Amino acid sequence: MGKGRKHKPKKNFAEKRREKQKKNEWNSASQSGSYADIIRENEDFENYYKTQGIVPEDKWDAFISTIRTNLPVAFRITGSKAEAKALLKIIKSDFFKEILNADLDGDKEDVNSRAKTILHSLPFYPEELAWQLQLTRKDIRRSEAYFRLHNFLIAETNNGSISRQEVVSMVPPLVLDVKPSHKVLDMCAAPGSKTAQLIEMIHADEENPPEGFVIANDVDNNRCYMLVHQAKRLNSPNILITNHDSSIMPNFMITKPDDTKDTLKFDRILADVPCSGDGTMRKNPDIWCKWSPANGSNLHGIQYRIAKRGLELLAVGGRMVYSTCSLNPIENEAVLHRLLCETEDSVQLIDCRDLVPGLICDPG
Ligand SMILES: C[S@@+](CC[C@H](N)C(=O)[O-])C[C@H]1O[C@@H](n2cnc3c(N)ncnc32)[C@H](O)[C@@H]1O
C-alpha cells in the first residue's frame, strides 16, 4: 500500500481570519500605527454638531479635544461566575499592581494613583467585570512590564476568559435588563459582542438552566459566521442564529403545550442598527476624512424600519433598546420621535439610568 499523504486538517478562511483578528485585536486596540497621520479635523462635522447643539456650549471644547484622542482599550471578564471571580482576583492582585507600577516613577501614592488611571474598572458595570486600559502601542514597545500585561490579556482573550469590547458597546445590553426567562431578539447582531453579553445574562443563574433564549440575526451572511463563532465560544444551547433583513423580519411561529400555534413575541429586543458610526472616530479616525451629513440622513429610513419591525415583534410589557454608534440626532432622536408619534400611547420611553450608575450621560 502506498504511503497516504498526510493531510493536515486545513483551516478554512474564516478560522484563519479569526485567529489573525484575535492577535490584532489587542494590537490595534493599542492604536496609533497607520492612523497616526490622519488630521482629526472636519469643518462640516464641527459646524453640523455645533448647530445641532449636541453638547452644551461650555462643554464643546472638551468634547472636540476628547474625540481627537485615541480610544482606550476596554474588556469584559466573561465565563462562569467562578472563573470570572478567579480572573478578577488576579487583575486586582499584587501581580498586576507590580506590572503596572514597575514602569512608573514617583512616590508610592502617586504611582498607585497613576496605575489606577492606566487600568481601572468601569463604575457602571456590575461586579467589576468590565475594565479599561489606557496604553498605547508605544507604551507596550517601551516597557517590558506592559508587554507582559499585553501578552497576559491576549492569552486570556484566546482562552475565552475575557472579551475585548468598547465601553459604549457594553451599555445597550445592560439597559435591556435581560433575565434568564426572557425570549430575546438581537436584530442586527454581528459581529456579536452584544449578543455574547445577552447570552451571558440568560445564563446568569448557574444553578438552573435558563428558560429563555437569544435569537441573533444579521442581514449579512458572512457576518453571521462571526455570530456562529461567538455562540460556539460561549457553549450555549440557548441561541439561534438567523440571516434576514430585520426590517421585514417574518413572524416566528411557536407550538404551545396544547399543540396550538401562536406567534412568538419577544420580552426583550435589541435594535443595534447600522449607522454612520461617527461616534467611533476615536477608534476609527479615518471617519474624520469621510464625514458628511448625508451619511446619517441616508440611514434614517432603514433605522426607522428596523426599529418599527422590532416594536411589532415585542410582547406587551416588553422592552426594546434602540442603539447606534453615531452622534447624529437624525439617526437617534429623530427615529425614536417618529416611532413615538406613530405608536401614540402604546410605546413609552423609559429612563434606565439607574441600571448604569456612574455613567455620564444626558437626555436626548
Ligand atoms: C452596528 S453593527 C451591529 C453590531 C453588533 N450588534 C455588535 O454589538 O457586535 C450593525 C449590523 O447591522 C447589520 N445590518 C444592516 N442592515 C441590516 C438589516 N436590514 N437587517 C439586519 N441586519 C442589518 C450589519 O450587517 C451589521 O452587522
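Cβ atoms are placed via backbone N, Cα and C, with glycine included.
When TrEMBL records C188, A189, A190, P191, G192, S193, K194, D218, D272 as binding S-adenosyl-L-methionine, the matching candidate from D139, D245, D345 it lists for that site is D245. For C188 (S-adenosyl-L-methionine binding site), applying a Cβ distance below 8 Å and a minimum sequence separation of six or more within one chain yields N217, D218, V219, S246, A271, D272, V273, P274, I306.
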